[in-house]
Amino acid sequence: MKMRGYAIIIAAFFTVSIAYGIRYGYGMLLPGMIKSLEIGKTEAGIIYASYFVAYTLFSPLLGLLSDRYDSRLILTVFPALMATGALLMSYAVTLGQAAVFFSLAGIGHAACWAPVVSLVQLWVKDGHRGTALAFATMGSGVGIASWGMILPVVVERSSWQAGWYAMGIFGLFVAVLNFILVRNPPGEDDSQQCCEKSRKNWKNKPSYMQILKKKQLWLIGFSYLLIGFIVLIPFTFLGVYGVEELHLPYRDATRLFSLLAVSGMAGKIILGILSDKWGRVQVMMLCGALLGTGCLGIVNLSAFQLKICSVAMVGLGFGAVWPVYAAAAMDFFPRAVAGTVIGLWTVFLGIGSILSPVICGWTIDRSGSYFGPFMIGFIASVFSVLLLIPGLKQSGVTAWKAEEY
């Protein structure tokens, strides 16, 4: 792999790091926001849902644009927009303002997944895609773990608003870094020969309708939807669960997110590498099982040490799920539409992520307990695994033959 390929992986690492830091930093800052904004769990879920509404609406567009247009421009402008949304969150004083500002961050984050993972895959060889994505997207774990340690200190010394401000400033730094490091994949320069080849290749790509007719898109998509629903349960309410039900100090409750992230990094590396050997679908199913079992243990096991182990189990499944699902795009679809497919799958992920905080927040407000949402997460994990069973026969091979389109 060329040196530019390593630069792309570094840029991807930092982009994913701040994107997931901002996304899941919401749950870390939520205990203070609930008190300051005087909102309930349902309203807190609505703010989070606004982020994912914007993220979901723009993800397919950004996935399509990443297949056609300049990656450098996309990965500079949209991370800057995400950072701006985080900065504005520090000035939110009402539910409406917080929802609007966080939706801006969601629009920016739409370019920090599908375009990033498709660009990385185009810079590495097929046999190393899972490994390269695992390391590049390990930034998600590093970002969550780092901010899980930083934000409690910032909040205790200043306020939750300062936490948003700090993440926003770092996001602007990443946008500048992307402008310096990111380049289009090999063969996509400005020469006339490459332009002609690019236009020819684009004509041979399957259309949107052809992609939508493939059952793999829908089976994996609905599984991804359920995964998105499950993941948002701990990442939205684990902090307030730790404070309100486990009676932990804010700093300790917030550091549960760091545990999720550290175990997630281990899962990302180990399961990401194994996905190249065992098959993508097998590891996707394992991720779903780990997430569900962890949710089950968090609210059903009485010993605190076992609850901690359950949180770590959620982290193991969470860490690997994103790169493995992304790598599956090129197992079942042509390389030329990888960004488009990942963008479509991200729509499913977004729907699950929109529904999860609102439904679970409402459930907590109605019942006064966190038991219901985590049990819903366990049930959802069972169905997410079942949806992947038909893909076992085709895991690890290209399921879409050229003659089919």
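Backbone N, Cα and C define each Cβ position, glycine as well.
Sequence annotations record features per position, and here TrEMBL assigns transmembrane segment to 45-66 (among others).
Here the transmembrane segment (73-93) has Cβ contacts under 8 Å with residues 11, 15, 18-19, 22, 25, 37, 62, 65-66, 101-112, 115-116, 119, 161-165, 167-172, 174-176, 178-179, 182 of the same chain, all six or more residues outside its ends. The feature transmembrane segment is assigned by TrEMBL to 73-93 (among others).
The annotation transmembrane segment is assigned in TrEMBL to 99-120 (among others). Residues 8-9, 12, 15-16, 18-19, 22-23, 26, 46-48, 50-55, 57-59, 61-63, 65-67, 71, 74-75, 77-86, 88-89, 91-92, 132-133, 136-137, 171, 182, 185, 322-323, 326, 329, 338-339, 342-343, 346 of the same chain lie 6+ residues outside the transmembrane segment (99-120) yet bring a C-beta within less than 8 angstroms of a C-beta in it.
Within its own chain, the transmembrane segment (132-150) is flanked in space by residues 8-9, 12-21, 24-25, 28, 116-117, 120-121, 123-124, 166-167, 254-258, 260-262, 264-265, 268-269, 271-273, 319-320, 322-323, 326-327, which lie at least six positions past its ends and keep a Cβ under 8 Å from the stretch. As annotated by TrEMBL, transmembrane segment applies to 132-150 (among others).
Tertiary proximity for the transmembrane segment (162-182) is limited to same-chain residues at least six positions away from its ends with a CB under 8 Å from its CB atoms, namely 7-8, 10-11, 14-15, 17-18, 21-22, 25, 28-29, 71-72, 75-77, 79-80, 82-90, 108, 119, 147, 150-151, 154-155. Here TrEMBL flags 162-182 (among others) as transmembrane segment.
Away from its own ends, the transmembrane segment (217-241) comes close to residues 24, 26-28, 30-31, 34, 41, 44-45, 48, 211, 250, 253-254, 256-257, 260, 284, 287-288, 291-292, 294-295, 298, 311, 314, 318, 321, 325, 328, 332-333, 341, 344-345, 347-353, 355-357, 360-361, 364, 370, 373-374, 376-377, 380-381, 383-385, 387-388, 390-391 of its chain (Cβ-Cβ under 8 Å, at least six residues beyond either end). The transmembrane segment annotation in TrEMBL covers 217-241 (among others).
Summarising the annotation, TrEMBL assigns transmembrane segment to 283-304 (among others). Residues of the same chain lying 6 or more positions beyond the ends of the transmembrane segment (283-304) and with a Cβ under 8 Å from any Cβ of it are 220, 223, 226-227, 230-231, 233-234, 238, 241, 246, 267, 271, 274-275, 310-318, 320-321, 324-325, 328, 370-371, 374-375, 377-382, 384-385, 388-389.
What TrEMBL lists as transmembrane segment is 310-330 (among others). Residues 113, 117-118, 121, 126, 129-130, 133-134, 136-137, 140-141, 220, 224, 227, 231, 234, 238, 256, 259-268, 270-272, 275, 280-281, 283-284, 286-291, 293-298, 301, 338, 341-342, 345, 398 of the same chain, all 6+ positions outside the transmembrane segment (310-330), place their C-beta atoms under 8 angstroms from a C-beta of that stretch.
Sequence-distant contacts of the transmembrane segment (342-364), counting only residues of its own chain at least 6 positions beyond either end whose CB sits under 8 Å from a CB of the stretch, comprise 40-46, 48-49, 52-53, 55-57, 59-64, 66, 110, 113-114, 117-118, 211-212, 217, 220-222, 224-233, 236-237, 325-326, 329, 370, 372-373, 376. The transmembrane segment annotation in TrEMBL covers 342-364 (among others).
Proximity of distant same-chain residues to the transmembrane segment (370-389), defined by a Cβ-Cβ separation under 8 Å and at least 6 residues beyond the stretch ends, is recorded for 219-220, 222-223, 226-227, 229-230, 233-234, 237, 241, 245, 281, 284-285, 288-289, 291-293, 295-296, 298-299, 359-360, 363-364. The annotation transmembrane segment is assigned in TrEMBL to 370-389 (among others).
Within the chain carrying the transmembrane segment (45-66), a Cβ under 8 angstroms from the stretch's Cβ atoms is held by residues 23, 26, 39, 74, 78, 95, 98-100, 102-107, 109-111, 113-115, 118-119, 232, 236, 339-344, 346-347, 349-351, 353-362, all 6 or more beyond its ends.
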